[in-house]
Number of protein chains: 2
Amino acid sequence: MPQFLDYSDADFEARFTALLTAKREDSPDVDAVVADIIADVRARGDDAVIELTERFDRVALTPDTLRISPEEVDAAIAEVNTGDREALELAAARIRAYHARQMPEDAQWTDDVGATLGWRWTPVSAAGLYVPGGLASYPSSVLMNAIPAKVAGVGRLAITVPTPDGVLNPLVLLAAQIAGVDEIYRIGGAQAIAALAYGTETIAPVDKITGPGNAFVAAAKRRVFGKVGIDMIAGPSEILVIADGDNDPDWIALDLLSQAEHDESAQSLLITTDAGFGQAVAQAVEARLQTLERRAIAGASWRDFGAIITVPSLDVAAALSDRIAPEHLELCVDDPQALSAQITHAGAIFLGQWTPEAIGDYIGGPNHVLPTARSPRFSSGLSVMDFVKRTTLAQMTPDALRAIGPGAERLATSESLEAHGLSVTARLRKLNG
Amino acid sequence: MPQFLDYSDADFEARFTALLTAKREDSPDVDAVVADIIADVRARGDDAVIELTERFDRVALTPDTLRISPEEVDAAIAEVNTGDREALELAAARIRAYHARQMPEDAQWTDDVGATLGWRWTPVSAAGLYVPGGLASYPSSVLMNAIPAKVAGVGRLAITVPTPDGVLNPLVLLAAQIAGVDEIYRIGGAQAIAALAYGTETIAPVDKITGPGNAFVAAAKRRVFGKVGIDMIAGPSEILVIADGDNDPDWIALDLLSQAEHDESAQSLLITTDAGFGQAVAQAVEARLQTLERRAIAGASWRDFGAIITVPSLDVAAALSDRIAPEHLELCVDDPQALSAQITHAGAIFLGQWTPEAIGDYIGGPNHVLPTARSPRFSSGLSVMDFVKRTTLAQMTPDALRAIGPGAERLATSESLEAHGLSVTARLRKLNG
């Protein structure tokens, strides 16, 4: 059973705060191990990667087989059935269409003093995408990471995916092919991150690395940050459902369980204006937990971190939601657009009872890589913006420099940066002859 | 004397690579000290901040004097002369006008299956800006950090600025007032970052922290990242000037020195198509170094990290520039717009001989907080985008769910995430019931 909270209870504030600050993840401290692995890959390149892959994944590779050849990819993909292929292609098309609208625009204008100002966006030249192996090897994540990169115009997109004991998911390869990935390497762990960041004899370095991974991968990404760009370090998944009493308890139960089944550390919360409905959802969750394949995981998450919160109004629900700042927010209410306008901090909002969060995980179009652990207060989900960068532009004319140069001289002097001021003074002297 | 490289020399590639990979910064390892400071501020709040400020800044504060009162601000600002005030106001107006154009737009549309998709941008609720004390206490940096935050719509913007021995720069306070800063605290170091991130009895926590600082500040920002958002960790400043022979060597020398005077670890590079011009610039630098106030710093930077590179063509210059990926790039050539179009990786470009980089530091309009150390390959300068975040939106109709729901069910099944699939199945069953 999850926690039950009622906004009108005397201890509500204390219990709600405890819910917000509950430590859901105990990351093992693997930083020292990861530092050694990165140093090894930097020093010995392919040899180190091959040895580490043999040790951790029990796969014997050579420099020639680090990369999965196009022929191997084709052979593996041939096994995929038509239904799965069509579903992936539909998802890819929808994700591509959504992200194509995110491309930012260049700008250039001339202002009142005659200065030409602006900016230009350019894509990252090369990006690497980490794909976990084994159970968490999700083709949908390949689409969600690779498509924004390709929409942005990334020229070279490399994937690393470990193949423990040689096992490889053909759907991951198909997703990579559909998304336009250029290279696929059968390596994983910190050694894959190091190879992408620093390069080896066989693997050219990239400029940006994205994608989820275990504690070793996360620690390696933190360590190579600065040498290359990285995406956020994601924590366990979360969902908040705000629902009035006019919903099917089983639907809401399944939405809550679809986060809970990811991970024992996941968190599923329901805020409802109808205490009886909250009880009905709790019963529906228990009923589904009897048969759910991943009931051990989902049950632990729901028991340890789940909560059902009764509130007097949707206004209060919105205010609590902003304190939670959820990764996923479902609004199962009469006028979800109106309620949505009251929300400031959320990674993704799913509006209305016909929009289960799972649609967003796969096929809606928006990205499923979203900020967790209250970070929607200050960060956004993965997008085309993660694979482009802005160069600002400024061009003065003699008249523009005459107009604003003296201000720069003055400020440089006040900051005791003499050469800054003189670089303007020398030009103004010429102009003023 | 700086290094001289010639593209046609046999050892060019080796020397150019060495220049790119030169380690310019030896950050002291202060992480353990910083961890203790953060833990202390989290545990003891104001008391810890006050004790640390007394120890490091030799200033005795109380909870009532942590914040610089509006009356103190007004009194200090009254000392500022009119010329400095007008220069700051002109700079602020130009920075505000430039950044106002960066506000991203919300979007919402209905697609071919009837799904309503889109996104919405919202500002960070509260931001903190770290301002260094002492010599590096630059009012221009206050404008460059605070104005984008206020343009983005940040509701509460707090500044921390240490006042070693009680010394405070009135121009910093004036810049803060002009930029619309809400609160100013006279604290610094890791304790200021901890107070902003976790809050104390007197200082409410913020969601995002930006601004430059020393090794302690940088280490503290890395540690609080995740709890709050941070901007980039900036390295020593850099400039690359690409110039043909048709320039005044003294102007280019001053542009190079205006980076070199920042820091002994700064790097100033010249690429020129005219070897003789390169020599003339080198002589002009030496001449200016005779009298420059900060000649000790600028001279060390120029001697240790400066370089003059002769190339056969501007095409080669552009290609080398992209390998350098400079923070600041000046194009002192006949057609700077054309050359600019050949550049992919640069933080900011200054076009033509009338645009010294110092204009961009103060008054041009674009931001002077820019990525360093080759990170323009994957990151951008500070902007309004650093103070907003995106919430994605998706709303299905029954018809939309009928159209794309089966694809989501299929993919959920292929990923063994049963509850994900069932949350769609349950709704489709009702629709098809």
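For all residues, glycine too, the Cβ spot is worked out from N, Cα and C.
Copied over from TrEMBL:
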BINDING   A:Tyr130, A:Gln191, A:Asn214  NAD(+) binding site
BINDING   A:Ser237, A:Gln259, A:His262, A:His328, A:Asp361, A:Glu415, A:His420  substrate binding site
BINDING   A:Gln259, A:His262, A:Asp361, A:His420  Zn(2+) binding site
ACT_SITE  A:Glu327  active site, proton acceptor
ACT_SITE  A:His328  active site, proton acceptor
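Sparsest Cβ environment among the binding-site residues A:His262, A:His328, A:His420 (other Cβ atoms counted within 10 Å): A:His262.
In this structure, A:Glu327 (active site, proton acceptor) belongs to neither helix nor strand by DSSP; it is coil. Nearest in space to A:Ser237 (substrate binding site), taking C-alpha to C-alpha distance over the recorded positions A:Tyr130, A:Gln191, A:Asn214, A:Glu327, is A:Glu327. Each of the recorded positions A:Glu327, A:Asp361, A:Glu415 was scored by the number of other CB atoms within 10 A of its CB, and the lowest score belongs to A:Glu415. Around the Cβ of A:Tyr130 (NAD(+) binding site), the same chain contributes A:Ile159, A:Thr160, A:Gly188, A:Ala192, A:Ile193, A:Leu196, A:Ile209, A:Thr210, A:Gly211, A:Pro212, A:Gly213, A:Val217, A:Lys221, each under 8 angstroms and 6 or more positions distant in sequence.
Look at A:His262 (substrate binding site): DSSP puts it in coil. Between the alpha carbons (Cα) of A:Glu415 (substrate binding site) and A:Asn214 (NAD(+) binding site) lies a span of roughly 47 Å. Apart from A:Tyr130, A:Gln191, A:Asn214, the residues listed for NAD(+), the same chain places the Cβ atoms of A:Pro132, A:Thr160, A:Pro162, A:Gly188, A:Gly189, A:Ala190, A:Ala192, A:Ile193, A:Gly213, A:Phe216, A:Val217, A:Ala220 within 8 Å of the centroid of those Cβ atoms. In the three-state DSSP classification, A:His420 (substrate binding site) falls within a helix. By a Cβ separation below 8 angstroms, chain B lies close to these of the recorded positions A:Tyr130, A:Gln191, A:Ser237, A:Glu327, A:Glu415: A:Glu415.
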